[in-house]
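Report on one structure; see the data block that follows.
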Amino acid sequence: MSSSKSLDWADDEDYGTGLPSIQTFDNPDGTKTMIEFRIDDNGKKVKVTRVIRKTVITERVQHAVAERKKWKKFGKEAGKNSGVDARTTSVGENVQLRLQLGWTTTKEEEQDEAALAAAKVKAKGSSVVRCRACKGNHFTAQCPYKSIIGPVDEPPLDASPVSSRASGALGEKGRYIAPHLRAGSGRESGDSMFKRERDDSATLRVTNLSDDTREEELRDLFRRFGGIQRVYLAKDKETGRAKGFAFVSYYDRDCAIKARDRLDGYGWNNLILRCEFSKPRD
């Protein structure tokens, strides 16, 4: 009389026949088809077919950035492959820092706002407090991120300098009032703006630029001759690509002359640059 051997729950099961190996085929359209057989959770043999398409994404970066990526790693990272290692480096989003001048909040305003918020909560009969800036469980006046998020429900104030001798320069709560908005000024908004001419004596007009030129590249090219005040690259509104010309303003005219003499006729991005001083407007 033959007796069957009882199986333990930890013993490997023998299915009798092995699974076929993974098969890979190249398709005419450039994709790959991968066929795999495996056992699912219910113990049944299933066939899995995958179609893989390889996509190459080309990113245009500055030459200096590409050279930095070729640097050899040192220290504890010495000998490892180039690029970002996900085990030691976390890549986050770029945080845009917004600096705003002329906005101040007095202690009296903070106390008034906190008292008003407490009164609203008490009137509703609830102890839930929510910040209007970051939506946290605290008063808006006590928000720790208030300096980062900025003022809530308040328009930005003019950042013009305040003169202590000017009568009417400070309004209620010590806030600055523009000259044309003061009582009895009799001036229209922006009348002095159009009468003031801009000094373009240190501004260069750069032409014959490629359509893929970026403002950072122009700034890196011209900053070696002196301090740059402003860089304007003309772009198409629909495509966002450069129109082929730009304006570079220096703080000093001597720096602009030096840049014009060195870069006029200079080969850059497979094109010959043309640099000349900007002509004043009529």
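In case you wondered, yes, glycine gets a Cβ from its N, Cα and C as well.
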According to Swiss-Prot, one residue in Ser6, Ser126, Ser164 is annotated as phosphoserine; name it. Ser164
Region 'Disordered' per Swiss-Prot sits at which of 1-27, 28-54, 55-81? 1-27
